[in-house]
């Protein structure tokens, strides 16, 4: 009758490891559920060898080597049991044995119950195993019943007690036996194999830690061997897996020796090469013995040699563990000691020297070694984390100290820049105005020539001062980038206000195409970029005009600045964006700039995230193209006529009333003289409060213009203009500024802004400009 084992355990039974481990500690757990009256445990048998000798009565379990018999061979067991009643209809009776050879023939009262085919593969596989056989109901009889078992053993010959009875009574015990001898060890070793793979991944990143890699390979190999050992293998693969178990044993001892030398820092290359050579010889000899079906005999002689290697490795590990101290290192040494002792015990079990009911212990001990090594790794990890935290705290202290120093230096730099912005721009502006007045009054040509040279030197100083301050402003990353939608026409008008005097002085035409497009950018940074690009084009152009235009291209806008200059060689097209770089020109008719304009452009665009393209050909000029994100134009935004603002005739300044508010005395006097020279009626004030008091007098008419410094003491200039604009909407308002402030662009969108130092021509162009519609 074919063998029909019970169904495999349910998945939830395999997952309840804590509960199952607790069951292991319960006394008599193996016999749980077997206290029914119908089940019988057969503890006595009659044994006879295959040569036909007389029967010998003996108790079960029976181990042949303990009776001085070989651990392999044929034998016959006869067992008897009595039934007081036959099985009920539909009731299944089974035979269950904890240890019975896989190669057997079993008869009940002369009826064949089960017979294993006697093949060479099954002879290799003929070792004691758990057995579950269904007994035919028709073979059972009232009274005495006889079991005859013919069996063959390749190793570990013997027989455990036999249980017969209803399947419902014996199934629980069989499940429990399978669980603790096969399922649980397999799960534990699969977990150990997963942990070993994790260690291998760590070792692949830290290959200098040889001990880590060798231990991971050792545990992976032994875990796979232990997990496979409990599987039910098909007969065709038995011989191959038997050789695999032998090879795993040889390689595991080799890896243990390598780990011992690496972990104890006693690496001996010659010794390791000798061990590798010996392992290769053992593997070849094992393969030859397996081919001749004599691997079990070869195991008997080779395993003691491997045990000597294991004991030597263990001695090396124990000595190092006691030298270093620490309970985790000692725990690892003891775990490896248990592993080696377990290997010796399993060798004795496999050779049949131990009781046939003993099970192999390595599948249980190998995870213990993994736990011990994991504890050691956890200690290293904790120590590394502590060192990292300590180093991080020290680094944070150093960073905090360095940050404080940098903040102090940055604060000093900011104060210096503010002082330079205010204290240097003010006198430079006053000096420029006074030189302009002196040139107008000078009659002697020699004096006018000297004043022209002084004016040129002052213009160079103004250019350098503007470049340094603008470069310092865009180089700072603390000010946030204020991305917003803005109309480009207002920005074009501000550029024209500052760039047209420079273009006229160079004999150039600054052509700005009217534009109704809106883009998204930071107004201040974009104005700096555009002002420097236009200024750079004017300075280096040898043609007749400089063109500024903005064209839509899909979802983008192309802002282009074209000039008719000498062009830029391809080798210099990246270098010109470095600070203080000026290209050598054969034409010296144009003065050199500060070398900071394009560096300012690069820093500003880096913060804005806009792309700049340079197209240039030698002798044909250059085109700087800035790619901006295009935004929809509001329908309510007023549009201008096709004529550009600069096409309107300038307004005469003679007779216009202007109130000047400037706290710097010399600059206030210079501005007052310049404005009076143009025929304007000027009232000068040192602060905003004085102007407001003057305007509160009803007898005096309001001025046409109010020109105020932005950095006034008390009430600032932009606040003053805000109040005046609300009170007199038709009043012309303008700001002057010598400060570095992120909100200058917002102020420039509302009122014209003159950045100090400025020339008399720039001031005149501002005041003569027609009012916006």
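Keep in mind that glycine also has a Cβ here, set from the backbone N, Cα and C atoms.
Where the annotation comes from TrEMBL, it is an automatic prediction and has not been curated.
Check TrEMBL against the ranges 139-156, 157-174, 301-318 and you find transmembrane segment recorded for 301-318. Feature transmembrane segment, per TrEMBL, maps to range 330-349 of the set 90-109, 110-129, 330-349. Annotated by TrEMBL as transmembrane segment, the relevant range among 43-63, 64-84, 211-231, 358-378 is 211-231.
Beyond the transmembrane segment (187-204), the same-chain residues lying 6 or more positions past its ends with a Cβ under 8 Å from any Cβ of the stretch are 14, 17, 212-213, 215-217, 219-220, 222-224, 226-227, 363-364, 366-367, 370, 374, 377. Sequence-distant neighbours of the transmembrane segment (243-264) (same chain, 6+ residues past either end, Cβ-Cβ under 8 Å): 210-211, 214-215, 217-218, 221-222, 224-225, 228-229, 271-272, 275-276, 279, 282-283, 286-287, 290, 295, 298-299, 302-303, 306, 309-310, 312-314, 316-317, 319-320, 336, 343. Counting only residues at least six positions away in the same chain, the Cβ atoms of 661, 662, 663, 664, 717, 735, 736, 737, 738 sit under 8 Å from the Cβ of residue 709 (4-aspartylphosphate). Outside the transmembrane segment (301-318), and at least 6 residues removed from its termini, the chain residues within Cβ reach (under 8 Å) are 249-250, 253-254, 256-257, 259-261, 263-264, 266, 275, 282, 285-286, 332-333, 336-337, 340, 343-344, 347. Look at the domain 'Response regulatory' (657-771): DSSP puts its residues at 46 helix, 24 strand, 45 coil.
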